[in-house]
DNA sequence: CATGAATGAGACTTCATTCAT
DNA sequence: CATGAATGAAGTCTCATTCAT
């Protein structure tokens with residue numbers, strides 16, 4: 001074992017234990033004593049690597065965001081896009097995100113579940129989605145009889161729930177889940193669409 | 001004023017204070033001392049009416065469920081239903097639920113937000129919705145290329161998020177919100193539906 | 001025992017225990033657990049009456065300052081004063097302060113010893129003394145070949161030390177100590193004064 | 001550079017850092033981790049040179065005492081002394097001590113401020129001064145209507161305070177400060193001395 | 001019916017000190 | 001000679017809960 005490895009090892013052990021516990025019991029339900037116990041260390045060791053309970057929580061989220069952002073670059077939707085490609089791109093973007101989620105299921109659960117985390121980022125995500133929808137309302141790909149904000153909220157809610165239940169709990173493949181999410185989001189549950197009215 | 005009024009009054013004061021605080025700060029973030037302070041009583045009084053913090057929380061939820069159930073009787077969807085009526089019935093059912101939610105915004109927030117609460121009931125709701133969907137897959141009203149469970153989860157997530165943001169936060173009318181939810185759920189976000197494939 | 005007495009009793013017990021311990025071991029050397037042990041209570045009880053360790057410390061000092069101020073009204077020295085009366089007034093003022101000190105020996109020790117306490121007040125006292133001296137330099141009662149600030153500092157230091165050692169430790173009477181302090185302060189240690197030079 | 005230089009260097013760095021910090025924040029307010037950080041070393045290195053926090057503190061004081069003692073040899077007052085010379089000798093002795101203090105302001109502050117330090121030595125100093133005063137009460141140079149112990153305490157207090165404020169804080173010259181201390185100590189604050197009584 | 005007073009158990013955090021390398 | 005890593009013991013503060021009145 002290299003010299004420089006040991007400290008980082010311990011820090012990682014603590015981080016992983018913390019991720020597990022935050023995911024399972026939430027921030028408040030998780031005690032530092034539990035974390036270090038799971039990591040095989042003492043309480044004092046915790047403060048060698050993190051300045052507080054809050055700070056390890058933030059570090060976990062930041063690491064998660066970083067990974068997320070890397071993959072989110074690809075998710076940018078060009079403004080000029082053909083109808084035929086549209087659904088495919090969405091499908092791919094969703095799949096790409098779900099793949100990261102699947103690789104970090106615990107962190108994902110924290111991210112999607114813990115109020116302390118989402119609130120800040122959620123607004124950003126919401127705005128991004130809403131303006132995207134608004135744009136494609138003008139390109140004619142998205143129906144324009146509904147409010148973009150409401151649609152964005154609907155998307156987010158649907159996406160969160162399906163991620164938690166289908167991807168993380170049932171452990172279905174990102175591809176499958178992405179397909180179904182895309183289908184439902186774009187075309188809804190109904191077999192047939194009423195003609196004419198309102199679109 | 002009846003003899004028994006005073007005690008019931010105090011109990012109600014405590015209950016209402018607790019609903020406010022649980023909604024605002026969550027279960028763990030709410031202290032008994034905060035509740036009784038808001039209710040104008042002492043901590044000891046709390047234990048005259050409730051055996052523990054957990055028990056008042058459950059009582060709040062149960063009261064909420066009761067009100068919910070009364071209105072949910074109407075929401076049962078008959079198995080034979082005409083396509084034209086289908087969307088309207090859903091719309092009405094959703095509106096009826098949102099109306100109760102709107103009348104009890106704090107309790108609704110607790111119910112939809114607090115993990116401790118949903119988990120038990122969520123399964124029940126999920127099953128109800130899923131079997132409903134499954135049934136209408138066979139009547140041909142619901143598309144059958146998607147898993148009922150997944151659709152149910154999507155519905156629930158979308159519904160929760162839109163309720164929280166549009167109904168409770170933006171205070172939009174149950175009718176409007178119900179309309180939009182129904183539209184999105186049934187027909188999706190896309191302006192046009194691809195022909196043929198898979199449905 | 002009256003109903004309203006018990007709480008105040010406990011608070012006082014804690015206060016007195018704290019005064020004893022702060023005087024003996026200093027602020028940092030005193031643990032809350034020691035204080036409540038001495039008061040016959042548990043740690044949690046401490047926080048019924050004080051919001052923190054720092055706050056009980058401040059409360060002790062404030063109570064002490066209040067008593068001090070009451071008696072310090074009398075200590076104001078009129079500007080026009082006869083030489084014969086001068087030393088007597090100083091003597092009386094010092095005696096009056098020493099009497100309060102004697103009545104609250106523990107609090108006095110905290111006040112005079114603990115850095116956290118004096119620093120704020122010391123500046124005020126210093127200014128008061130210095131301007132008093134300056135004034136009497138012009139009335140001719142105080143020698144004017146020395147800096148008022150330096151004399152003020154000397155007075156304060158002498159006063160503190162003699163209070164601690166002679167009044168509090170040796171338990172000499174305020175009257176005796178006041179006499180000696182006044183004598184030394186005004187006329188110094190030397191038997192004879194050199195004629196002429198420098199005054 | 002000698003072989004033994006490196007270790008001694010580190011030890012000195014630690015010592016100096018410790019002196020700075022003890023002077024600034026006091027014994028209890030200073031952490032080993034602060035000391036070694038300021039010295040550019042690790043905590044473990046501290047224990048190569050000192051067995052405990054207490055021990056470095058004592059070592060600092062002892063070094064200070066040693067320097068003090070060297071210069072204090074000169075301060076011994078011969079028993080037979082002429083009145084004219086008396087004040088000058090005191091002046092010189094005080095100046096000589098203040099000069100050492102000025103050369104080691106941090107250590108001086110620790111010595112004069114920290115309770116843990118003074119108590120042991122103070123008694124010695126007190127005794128020396130008191131017996132000196134007693135002696136000169138019999139030679140007639142010191143007034144004999146006051147207790148030598150009380151006078152000694154007064155001297156010490158005055159001396160400490162003036163050293164801290166005038167010498168160390170205002171950075172006045174040892175000579176000036178020594179002059180003023182001597183003047184005040186010997187002849188007091190009053191412009192005129194009352195005739196006759198008691199001396 | 002209600003309160004004032006108190007507590008047990010535990011949470012987070014700090015710091016001097018040690019040990020293998 | 002020096003370090004990185006770890007720890008034991010303690011300290012401050014919080015909170016749900018109890019009990020005598």
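Indices start at 1 and increase along the chain as displayed.
Using the three backbone atoms N, Cα and C, a Cβ is placed for every residue, glycine included.
Record note: among D:31-50, D:51-70, D:31-50 is the stretch given as DNA-binding region by TrEMBL. Sequence-distant contacts of the DNA-binding region (D:31-50), counting only residues of its own chain at least 6 positions beyond either end whose CB sits under 8 Å from a CB of the stretch, comprise 7, 10-11, 13-14, 16-18, 20-21, 25, 56, 59. With DSSP classes pooled into helix, strand and coil, the tally for the DNA-binding region (D:31-50) is 15 helix, 0 strand, 5 coil.
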